[in-house]
Amino acid sequence: MSQKFLFIDRDGTIIAEPPTDYQVDRLDKLALEPDVIPALLALQKADYKLVMITNQDGLGTSSFPQETFDPPHNLMMQILTSQGINFEQILICPHLPEDNCTCRKPKTALVESYLADGVMNSATSYVIGDRETDLQLAENMGISGLRYQRDGLNWTQIAKQLTQRDRHAYVNRVTKETAIDVNVWLDREGGSKIKTGVGFFDHMLDQIATHGGFRMDIQVSGDLYIDDHHTVEDTALALGEAINIALGDKRGIGRFGFVLPMDECLARCALDISGRPHLEYKAEFNYQRVGDLSTEMVEHFFRSLSYAMACTLHLKTKGRNDHHRVESLFKVFGRTLRQAIRVEGNTLPSSKGVL
């Protein structure tokens, strides 16, 4: 699998660039840009490999002797390394613009090895720098560029932009009985729009989204003139598939979740996003319907959902009121799902290496 890389400029991006001569040639000129260390640590944790690429005009000549460049550069590297920041390579072009070399940014000679097939994931790699030449380099490499600005797109914002996930999936399911559109955003909250034609079922699905801490839009056209069976079943299948797709490779998720009490009922839920579908369910109801939802379809919903989502799900509730018992199951599932889909790191939560 190709790797995601960050190609990062030095002067004006990692360290401050002196406005007078644009050369960091003394120790007293060395100053890190604000928040660069925590940002680079966060980016490393998100599995980015770091490459420093910098133009150093006339390095090694009388205008910029190597012996004046090395002390501040080496100190910068010592500071970064001491904080756990590791650069795969330090790429330096020492030439002047008039030298017409092939390695000066925005030309790509220094990064040719990364442009070979299968080395770099171009969709998830970036050039980060404070100059237009950095953005031109990104364009020449076929990747995206980010223009660093201390008072604009700063390191805190860059780290947030590149590490914050927006897990989304869309599923369209059409059968002879139903037509269903499901959108799921696991990293957004609020604003869910749900219309299945079964009012109480809409309310229950909203409980999953609200207590699960994510957003979903569900639009259903079903054969309700017969009953609610196909509408509930197919919605569960489409929703489970959408959640499963949105989870992606499941890297970094909590995977497990469990909750006990809910309302005056005692509702229990244990969840493992394991890739192995299974449902254990125990609930009894006094009546055949709650509102316009058949109570027998509650178990069928969760069974269909668990199989489409490829998860192991244990659900149980006790109580006196059917409305509360049904609602407790949807609420407790939502709260449990919130724990399981939360991103807690960047490793796959399985000793098998796959979920």
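In case you wondered, yes, glycine gets a Cβ from its N, Cα and C as well.
Among the candidates ASP117, ASP130, ASP151, ASP166, the residue that Swiss-Prot annotates alongside ASP9, ASP11 as binding Mg(2+) is ASP130. Packing around HIS95 (Zn(2+) binding site) is summarised by its Cβ count: 19 other Cβ atoms lie within 10 angstroms of its Cβ, all protein chains included. Rounded to a whole number, the distance between the Cα atoms of ASP130 (Mg(2+) binding site) and CYS101 (Zn(2+) binding site) is 21 Å. If you take the CA of ASP130 (Mg(2+) binding site) and look 10 A around it, the recorded positions you hit from ASP9, CYS93, HIS95, CYS103 are ASP9. Neighbouring residues of the recorded Mg(2+) site, listed in sequence order and excluding ASP9, ASP11, ASP130, comprise ARG10, GLY12, THR13, ILE14, GLU17, THR54, GLY129, ARG131, ASP134, TYR148 (Cβ within 8 Å of the Cβ centroid).
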